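All remarks here apply to the structure that follows.
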Amino acid sequence: MSSAGVYPLQVASTYAPAERRQKIALLVPLLVVVNVVMFFITMYINNCPHNTVDDKCIAKFLRRLSFQPLSENPLLGPSTYTLQKLGALNVNKVVHEHQGWRLITCIWLHAGIIHLLVNMLSLLFIGIKLEQEFGFLRIGIVYLVSGLGGSLLSSLFLRNNISVGASGALFGLLGAMLAELLTNWSMYSNKCAALITLVLVVAVNLAIGILPYVDNFAHIGGFISGFLAGFVLLLKPQAGDMPYSNEDGFPFRRRHKLYQYILCVIALITLIAGFSVAMALVLRGGLNIVGLYRLGINYD
């Protein structure tokens, strides 16, 4: 949100003093690099020319980095088998083969070059200003918690497909931004404009989830997790944030409001309880888990 209270996504919350030196974002660019490197590793292991019948690979000049046929993967990426091999979310393997680590590894994999570009551009667009405002540690925790939350909800409702992608974590950053707006409400001017803009952005992104191959359960799970984590990690003192002094010459003391502490405690309890219940349901087979008849890919 700008100093006038208008909320473009590229600015998180710039109510801090203008003269304060802006932090350098390190985590978000690192996350982008890791995701890009993982995609190249995935494509190298996939080796389409060697593993595809009739050699129908796309962009054959890339040799073993070439893409699977569009009929198999329309997003220009690897095969389902390769994604499973490298840690895609497969509920059957999580439940029956005790591979719970897939709940985390899936958020570092992408189904195709298009999938990767969309997610990484979104991460840069959303994450850099948040990291500059709140630091790499807090944003890193929100990112991982949201990714896990998206994987858990996806595991409960999507049983016949594998799932990969960082969208759950990205939606978590959006949820954290909404929580930050609410918990630091008094520090914003033009509050309604900021809130309406953010809600519209979230609604548009959720609407995209009705498209084929998009995992909206991961989006919703990530958003809820990030929203709750935002109340815990992104609260700021409400008084004296500006370098002014009172009439006695002493600087104002920054303090958190009572409602901030209340929201923080409620969110933390809800987050822990929700994760515990969801994890228990997933590891016990979830909501009437059935056999996997056909594996597809969910691009979240």
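Keep in mind that glycine also has a Cβ here, set from the backbone N, Cα and C atoms.
A quick note: this is a predicted structure, and the numbers were derived from the prediction, not measured.
Taken from TrEMBL, the feature domain 'Peptidase S54 rhomboid' covers 98-234. For the domain 'Peptidase S54 rhomboid' (98-234), the model's pLDDT averages out at 82.
As annotated by TrEMBL, transmembrane segment applies to 24-45 (among others).
Cβ atoms under 8 Å from those of the transmembrane segment (107-128) belong to residues 9-10, 25, 27-29, 31-32, 34-36, 38-39, 42, 67, 73-78, 83, 86-88, 139, 143, 147-148, 150-151, 164-170, 173-174, 177, 213, 297, 299 of the same chain, restricted to positions at least 6 beyond its ends. Summarising the annotation, TrEMBL assigns transmembrane segment to 107-128 (among others).
Taken from TrEMBL, the feature transmembrane segment applies to 135-158 (among others).
Under the heading transmembrane segment, TrEMBL lists 164-185 (among others).
What TrEMBL records for 192-211 (among others) is transmembrane segment.
According to TrEMBL, the feature transmembrane segment maps to 217-237 (among others).
The transmembrane segment annotation in TrEMBL covers 258-283 (among others).
Where the transmembrane segment (164-185) meets the stretches 24-45, 135-158, 258-283, the count of C-beta pairs under 8 angstroms peaks at 135-158.
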